[in-house]
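Per Swiss-Prot, N-acetylmethionine is recorded for 1. If you look up Swiss-Prot, you'll see 11 marked as N6-acetyllysine. For 26, the entry in Swiss-Prot reads phosphoserine, with the evidence type similarity to another entry. Summarising the annotation, Swiss-Prot assigns active site to 121, 163. Taken from Swiss-Prot, the feature S-nitrosocysteine applies to 163, supported by similarity to another entry.
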């Protein structure tokens with residue numbers, strides 16, 4: 001398949017009490033909390049890129065043509081941001097889980113953050129290893145604050161290029177133009193995660209066989225332009241706009257022709273994130 005069509009990344013407590021911490025300052029006071037993540041550790045951190053292109057015949061899933069363009073683009077982009085980039089190709093579901101477990105057990109104490117990019121087929125709540133599905137929640141749980149202590153309080157970014165269902169977006173016409181004194185603070189184990197999904201829940205995610213996926217193209221372009229100027233959520237907003245306004249599917253199948261896409265950002269970050277300091 002090299003006819004420059006766009007493709008999709010899918011598979012063919014009852015009682016409780018509240019506790020008040022007396023004498024504590026309001027989170028809005030700014031007295032105890034810095035407004036942005038500390039990004040001046042000796043290393044920016046790891047960037048793991050899982051690039052699944054070829055799938056076992058038994059899965060019935062097609063090759064993801066164009067994904068190597070995404071992987072190369074991501075590698076260049078995050079290396080420019082001083083991340084240690086590790087590319088992994090065509091991993092089974094077992095290999096993905098083993099990789100995440102292994103990486104989470106590394107010493108990240110000298111690293112400012114962690115990034116994991118997954119390029120694969122997907123469905124809602126799962127991404128696919130080359131031999132079958134992986135529950136995304138299980139995959140990311142290795143990096144929770146109670147499991148990966150050396151990343152506690154640091155930003156953990158998961159970037160997912162995969163379908164989240166089989167709905168199609170036809171579009172609509174528009175007429176409108178951590179410091180030492182914080183060492184004892186307790187934080188939720190799910191804090192400081194950000195999930196950047198290529199598409200909204202339930203929808204297809206589009207990929208071009210020549211240029212790569214719309215989302216990864218846009219993410220890399222916006223990071224190259226703004227990583228040294230803007231906060232990360234502001235960058236992602238620009239990614240959303242670029243995907244939403246500059247791309248439309250082309251397919252010989254009328255069902256899949258002239259469709260749109262909007263990325264979806266789920267943030268549990270507790271501070272602003274800048275890739276510079």
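The backbone N, Cα and C atoms fix where each Cβ goes, and this holds for glycine too.
Secondary structure from DSSP puts residue 121 (active site) in coil. The two recorded residues, the residue listed as 'S-nitrosocysteine' and residue 121 (active site), show a Cα separation of 6 Å.
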